[in-house]
Amino acid sequence: MATLIRLLRLLPVASSSAVLMFALDEHLIFGTWVQPSIRERANANLPAWWTRGGLRWRWVLIIFYPVNYILGILNLFISQDQLQDTGASKWYTLGLLFSIAHMFYLFRALKLIAAIENDEPKGNVTYSMGRWLKMNWTRALLTDLPAWLCFIAAALKAL
């Protein structure tokens, strides 16, 4: 049982690492589309690419954010005394809250994604992509990175 609890304490670090890495991947890969040297081609192809690509990568979001929430909550309820004694409880709570805060950007993100998919502004969709990239980077720095750091602190304290 102790081994399972130790694993449970570490799992939010793993799942939030995946989320943070995905955000970084998005920034690096999607950022290619706004480079001046390919802007003309990007404006022609980005809406179709994004629409089809979104169907392929959305599973990462559908799986890993709820996993973060579930693991954060499970950690708060299993062996609570140990978490209180070590001070890890507040770090799991903060990690969970930062992870949930990612969703505060949901409507903004969906609006920008719709603009990309609908080629808005017409013929200059890279403008919308640039706005999405800025929002995504801000969101990663303000929610995903702190969640990851909090889950690391929690695991270090709990173990």
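Glycine is treated like the rest: Cβ placed from N, Cα and C.
Annotation source Swiss-Prot lists signal peptide at 1-25, citing sequence analysis. Residues annotated as transmembrane segment in Swiss-Prot: 59-79, 96-116, 139-159. Among the features that Swiss-Prot reports, N-linked glycosylation site is placed at ASN124, ASN136.
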Counting other CB atoms within 10 A of each CB, which of the glycosylation sites ASN124, ASN136 comes out lowest?
ASN124
Would you kindly give the Cα-Cα distance separating ASN124 (N-linked glycosylation site) and ASN136 (N-linked glycosylation site), rounded to the nearest Å?
19
